[in-house]
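A quick write-up on the structure given underneath.
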Amino acid sequence: MTTAPIDNIRNFSIVAHIDHGKSTLADRLIQITGGMSDREMAGKEQVLDSMDIERERGITIKAQTVRLNYRAKDGKDYIFNLMDTPGHVDFAYEVSRSLAACEGSLLVVDASQGVEAQTLANVYHALDAGHEIVPVLNKVDLPAAEPDKVKQQIEDVIGLDASDAVMISAKTGLGVPDVLEAIVTRLPPPQGDRSAQLKALLVDSWYDVYLGVVVLVRVVDGVMKKGQRIRMMGTNAAYDLERVGYFTPKMTSVDELGPGEIGFITAAIKEVADTRVGDTITDDRKPITEMLPGFKPAIPVVFCGLFPVDADDFETLRGAMGKLRLNDASFSFEMETSAALGFGFRCGFLGLLHLEIIQERLSREFDLNLIATAPSVIYKMTLTDGTEMEIHNPVDMPDVVKIAEIQEPWIEATILTPDEYLGSVLKLCQDRRGNQKELTYVGARAMVKYDLPLNEVVFDFYDRLKSVSKGYASFDYHLTEYKPADLVKMQILVNAEPVDALSMLVHRTRAEGRGRAMVEKMKELIPPHMFVIPIQAAIGGKIIARETVRALRKDVTAKCYGGDITRKRKLLEKQKEGKKKMRQFGKVDIPQEAFIAALKVDS
C-alpha cells in the first residue's frame, strides 16, 4: 500500500474549551467517514477518550489521534489525520504538542455558552503554530443557543472572521458533513518532499505491554519503512523499525508512512526516556543535520509529595510512576523522605487538575493508597552571602536569618464571567493578593485580567472561582515573572512534634487565618487518644493558633462506693500520672483524611 498524495492529506486538530463538544464531534467524524461501524460506536461515546477517568469526568487528558478516509464532493479521496486535544489549562502541553503536528484547526465553540478563557488560550497556541482556523459553532439545536451573538464574540475577542462559521450539533450529527467539506476546502495540505532525507517529529510516546514503547510520529520529509534503522537526534539512540502504521482508531499496520502523514512506529524501545517528545527522528544511514524546531518542554509548576500509606508499597509506587511518566512527558518525580510519612516521591505537575488526575490514575490503575502533601510552587531565594537557590519543598527552606530575599512566581490570569458574578470574582482575586490589570466587556460577559501570586492559585482557587460564579466563570493563566514577597514558613505541630508533610510557605498577612483554619480542621479529624493532644500552628518559635483534642477518660472511681474522698483522689492522681507519661511517649496517629482535609482548607 503506497502512501497518499500529499495534496490529499489534511492534518488538523480540534481546539475548544472543556465541555464544548470536541470529543463528541470527533465521534461523529469517525462515524460518518466509516472509521468505526455504527455497531462498534453503539453505546460508546468519546471514542478517543480511552481512559475511564476521561469518560467519567467528561474531559480529554491525553491528546489522541485517528486517521479517516473521506471522499469529498469533488470526487477525490482525502486522508484526514485528526488530533483530539484536551481543553483544560493544565494540559496545554498536550495541546501544543498536537498543534505542532498539524496545519489547521477546527475551533469548536458552544453556541449557548460562547467563547471561554481556555478557548482563547488554545486558539492563541494554534495561531502561534501558524494554523489556518475554521470556526465551528456546536450545540446550535439547544434552545439557549445564540449563534449570531457568538459569531460576533469570536470576531470581537479572538479577531477571527466567523461569518462563514460552520453550524453543527455534534450530538445529533446536524451539519457535520459541512465540517468535512470545510476541512477539504479551507485547510491547507501539508508540505513535504518524499525524496528528501527522513525528517519526522516525535509527537507522543506511551508504553504498551505487548509492543514496548509506541511512538506517535509526524513525517515531514522522506519515508518511514518497516526494517529501516532510525535515530532519535535528541538522545542519539538508534533502533530498527518493527511496525509502522496508523490509528483508525484501531492500530493498523502499513509498509510505510510518507511526508505529511501521522502514524505510529514501534522499534523494541524499552526505555520511554529515549523517546523525548518534540525530538526529531532521522534515518541512521543518511541523517539530517538540522533538527526540527521542537516545542518547548513542559515545566512543572506545582510540586507535592506523594507517599504510600503502606510503606511496603514503595517499590510498586516507583514502578507505577515510571509507567505514568512513559505516557505523560510533563510529569516529573524524584525520591524524598519525610519524618512523618516515610519514603515517597516529590512530584512536579502542570497544575492542580494534573495532580489530581495522576493521583487518581495511581490509585485506580495500580491500586495504590496514597497520601499527598501540601502542593507548593518553586520559590527563588537569595541568601545573605549572595548565593541563590530554588526551593520546591518548604521543608528545605534555610534558616530565616540566612535569607536576604524570597521571590515567588506570579501569573497573569484571564477570567471570563457573566456580569452578575463579577463582584464575587473580583473579591476573590483581591483576597488572593491580586492586582487588576484590565476589565473589558464582551456582550453580557466580563473579561478580567489579574496578576496573581501562583502560591494563592494552586490550593483551591479554581474550585472557589467555580463556586462564587455558580460554575459559569472560566479561567486560564500563564506564568509571567518572579517578584519579592514577604513569605514565612508555617509548621503544624501535633503533640509538640512538627508534621513536615503539612509545613508550607504562606504570605505573612494570611498565615494566621490559614493556620487557624488548619488546626480547627485537624481537631475535627484526629480521633481522641488516651491523653490530651495539642495541635498548634507555628511560625518559627511563635505559636499563632492552637486547638486541643480532649483525652478519652476512663472512670477509675466507678467501683468506689461512698467512703473516704482520699481513696478517690489517690486513683485520680494515679491516672493523671499515667496520662502524663503517655503524653510524653505516646504516638499520635493522624488519619489520612486529616492530611487531605487540612490541605484543602480555605483561610
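From the backbone N, Cα and C atoms, a Cβ is placed for every residue, glycine too.
What Swiss-Prot records for this protein:
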- D19, H20, G21, K22, S23, T24, N138, K139, V140, D141: GTP binding site (BINDING)
- 7-191: domain 'tr-type G' (DOMAIN)
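Residues belonging to the domain 'tr-type G' (7-191) score a mean pLDDT of 75 in the model. The highest number of surrounding Cβ atoms within 10 Å, among the binding-site residues S23, N138, is found at N138. Within the group of binding-site residues (D19, V140), the Cβ with the highest number of other Cβ atoms inside 10 Å belongs to V140. Within its own chain, G21 (GTP binding site) has V108, D110, N138, K139, A170, K171 as residues 6 or more apart in sequence whose C-beta sits under 8 angstroms from its own.
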